[in-house]
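Sequence annotations record features per position, and here TrEMBL assigns transmembrane segment to 15-39, 46-69, 75-98, 110-135, 155-179, 191-213. The feature domain 'DUF7703' is assigned by TrEMBL to 16-249.
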Amino acid sequence: MFTSHVSTTSPSLQYLFAAFYALTFYNAAEVVILIFVTFKRYSGCYFWSLLATACGLILSTVGNVVYFYKDDPGHIAPVSLAVLGWCAFINGQAVVLWSRLHILLQSRRALLSILILIVFNAVTLSPPTIVLAILGNGPGSQSIATKTYRIWEDIQLAIFSAQETVISSIYTVQVFRLLAIFTNTAKRKIIYQLLAINALIIAMDVILLGVQFSGNRDVQIPLKGFVYSLKLKIEFAVLGRLVVVARCSYSGDSLGVPVDRISTGSDSCGLGQVQ
């Protein structure tokens, strides 16, 4: 979750990290503004999970930047800030995907199962990560704590990536179902765009895993924040296209969620009210 200190990093990596951190902060701050501009009613699971993810990215980026550039890199404050921000944006992004899935998925049992998976992973993976990150990166860290943290980081990254891939795969299957329903060229074009966007999201997770397990841990850390900030910006494109498809296509609840549930702030799927 943390890079090496600036004093032990090559100049080329320093520039790369600075670019990633700057872009992540900018993207996350822009998303916060877009959230309050886009939503008419500040309520619902989708609204709050988007906001938590964006704010978590900002906190994590600030913590990592202070940790990277501070003369005393083992200070507890930037470590705590970064890991708490990580906890918010990792779990927040999963809830964002789950909330969006309500538009397409009919099965309440499937939706409940996915939510249970998200909560279980959050409860079992986040607290150990927070504790190990502080012990392994804080002042006076012992080598055994640092090694344990690095092993655990690989485990939780793989599990969280697998979780997002599962949710994205279910979403992809539901989008493919729409192709069998729509014959209008314009609507099918939107569906293809949704599939392409979802494929891009999955590809970014694969790249993160590849960078992590190829031994480039220092690169993966700032890259992860940047990737999640891109996912947040992509969310607005996805939501807009989904709402267009839903409003044009639902004559009832043939695909599970009536259109009026997308445009109200008190709906069970929690998408909030969009401008």
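Heads up, the Cβ atoms here are built off N, Cα and C, so glycines get one too.
In TrEMBL, annotation is done automatically, which means it is predicted and not curated.
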Counting a contact as 3 or more Cβ pairs under 8 Å, with residues at least 6 apart in sequence, do the transmembrane segment (75-98) and the transmembrane segment (155-179) touch? yes
Please indicate, using numbers and ranges, the residues of the same chain that are 6 or more beyond the transmembrane segment (15-39) and have a C-beta under 8 Å from a C-beta there. 3, 9, 47, 50-51, 54-55, 57-58, 61-62, 64-65, 68, 218-219, 222-223, 225-226, 228-230, 232-233, 236, 272-275
Sequence-remote partners of the transmembrane segment (46-69) [C-beta within less than 8 Å, at least six residues beyond its ends]: 1-3, 5-6, 9, 17, 21, 24-25, 27-29, 31-32, 35, 39, 75, 77-90, 92-93, 95-96, 99-100, 137, 221-222, 225, 228-229, 232, 235, 269-272
Residues of the same chain, at least six outside the transmembrane segment (191-213), with any C-beta under 8 angstroms of its C-beta? 154, 157-158, 161, 164-165, 168-169, 171-172, 175-176, 178-179, 182, 219-220, 223-224, 227, 230-231, 234, 237-238, 241-242, 245
Mean pLDDT over the domain 'DUF7703' (16-249): what is the value? 87
